[in-house]
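Chemist: Take a look at this one; I'll ask things after.
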Amino acid sequence: MAASVSSLVSYGSDSDSENESESVTGAEKVTPVDPDATAHLKPLQSAPTMSVAVLNSAPEVAVKESVETGTHLDPSLKEVTYNPTFETMFAPEFGPVNPFKSQQMAAPRNMLSGYAEPAHVNDFMFEQQRRTFSTYGYALDPSVDTHQASSNTYIGAVDEAEKNKGLTVFETGHKKSEKRKKLKGGDAGEIDNFLGPWAKYVDEKDVAKPSEDEQKELDEITAKRQKKGRNEEDAPADEKTILHVKDMYDYQGRSYLHVPQDVGINLRSADAPDKCYLPKKQIHVWSGHTKGVSAIRLFPNSGHLLLSCSMDCKIKLWEVYGERRCIRTFIGHSKAVRDICFNNTGTQFLSAAYDRYLKLWDSETGQCISRFTNRKVPYCVKFNPDEDKQNLFVAGMSDKKIVQWDIRTGEVVQEYDRHLGAVNTITFVDENRRFVSTSDDKSLRVWEWDIPVDFKYIAEPSMHSMPAVTLSPNGKWLACQSMDNQILIFGAQNRFRLNKKKVFKGHMVAGYACQVDFSPDMSYVVSGDADGKLNIWDWKTTKLYHRIKAHDKVCISALWHPHETSKVITCGWDGQIKLWD
């Protein structure tokens, strides 16, 4: 410990140093200081004589083997500056050695019963071996490589392991199930041999079986039912059309597809009205459907005709101006029609129904041009809006796929198969280069045309299914009817982000695909709801401006006429279509 004793260094006159040395007693001797270590502390010759006591806090200590360095070594040290002995390296961390500690007590321990070496075993393997050991008394030896199959790889009841060929409790479980099935009277998968859970209590003599004649009759009835059902399902319904007006052509030979010029509005112009106003009253009712109306579509560009499809399996074409008559009825589906879509010119339209058929119709003659089916229910259908792709259309199906057909060949040319639920809507955006689809899987996906991999996928935990989507007139926004009674707005350009400032609330639509629409000048947003009401919001403030009781049942769709300032068309499940102004 002599090396650790601090030294008092003094400098000054020789007499001072002599007095200092005399004052030191014989019991305490000061270790002489190396003159080189204190050379920098000596004053210059020109300075006045002075005396200062300095404590050397870091004296140089020569470490040798003979020097005692202590029996404790900090275990947290990463580096040792000397060569310690074995006793020093393995000395107790704190305190002296316990003379009474046995070898068992001195052994390392990381659990109550001893020391367990760390090993990587996943939870399933551990649970599998634990259950096997508790059931059969043997398990794999964790200290041996499991790929070496021998009797030495097992611990516990090795004989039992050899008898069972080392099978685990999960692998031997099928014996028990076979026993249970045998007791119950056969396998439920084999319906001919399955006698039911009460089979062991029933004598075969008491089982009632049909006689040979009765069995023949039953087989004939069953075969007829199967054949009839299969034919009804496979065969499409016969198509026919009914013209409700006296003359299909006017005195100039123009059909009802010709845009009228005497309505006071330039329907040929693509310009929207400058200012739109809230509709206040009902001015007309189109009635003719016997069941609820599923969807309504205005004639492209002009909007002088209205196409409607219904749950009564019929499609009807109506006049919007003039006498507002029903012009033609298209009959050709055996089940409810879900969706309809015009092509760009309006000369043809597609219909999608629950009879699993998509049909292409001629708007003027009422003739069914083509039929398309892949044995799945189509939920929505859309023509490609590009002029050079009018022969292509896409349909969202019940089997989670979006199927693309070519009208000219009648064949499927592309399938977009990424959704996890039935596809509800398809909306073309970005100058028709892309389209957006929504599904029952509560997601929104964006696709490049003809590329069957979605390049954008939006699905948040808080999102709900969005079964109705509408593109705004300026092409910048997507209005999505969400099942949590909200209309959400997504950007339709580039990033497709949710606009959190534009959320339209106050209506009740949960469970219904109520179609949303915008006013032509982007001032208002309109939507029906489950109570049969027409709701109108202000686009800028998202405030609910107006609410009209429009239908007795669900108001499933609302369309704002593209050339009118305040005309809105609604349809509902009460079978009526109404015009509001």
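Heads up, the Cβ atoms here are built off N, Cα and C, so glycines get one too.
Predicted, not measured: the structure shown is a model, and the values here were computed from it.
So TrEMBL lists these for the protein:
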- 1-14: compositional bias 'Low complexity' (COMPBIAS)
- 1-46: region 'Disordered' (REGION)
- 205-238: region 'Disordered' (REGION)
- 286-320: repeat 'WD' (REPEAT)
- 330-371: repeat 'WD' (REPEAT)
- 416-448: repeat 'WD' (REPEAT)
- 516-547: repeat 'WD' (REPEAT)
- 548-581: repeat 'WD' (REPEAT)
Chemist: What residues elsewhere in the chain lie close to the repeat 'WD' (286-320), defined as a C-beta under 8 angstroms and at least 6 residues from its ends?
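Modeler: Sequence-remote neighbours of the repeat 'WD' (286-320) are 237, 256-257, 259-260, 263, 267-268, 270, 326-331, 333-346, 349, 351, 353, 361, 363, 515, 553-554, 556-557, 559, 561-563, 569, 571-579.
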Chemist: Quickly jot the same-chain residues contacting the repeat 'WD' (416-448) by Cβ under 8 Å, restricted to those at least six beyond its ends, or write none.
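Modeler: Long-range Cβ neighbours of the repeat 'WD' (416-448): 379-382, 384-386, 389, 394-404, 454-459, 463-471, 475, 478, 480, 490, 492-493, 496, 513.
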Chemist: Helix, strand, coil: count each for the residues of the repeat 'WD' (330-371), based on DSSP.
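Modeler: The counts are 0 helix, 23 strand, 19 coil.
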Chemist: Within the repeat 'WD' (516-547), count helix residues (DSSP H, G, I), strand residues (E, B) and coil residues, in that order.
Modeler: 0 helix, 18 strand, 14 coil
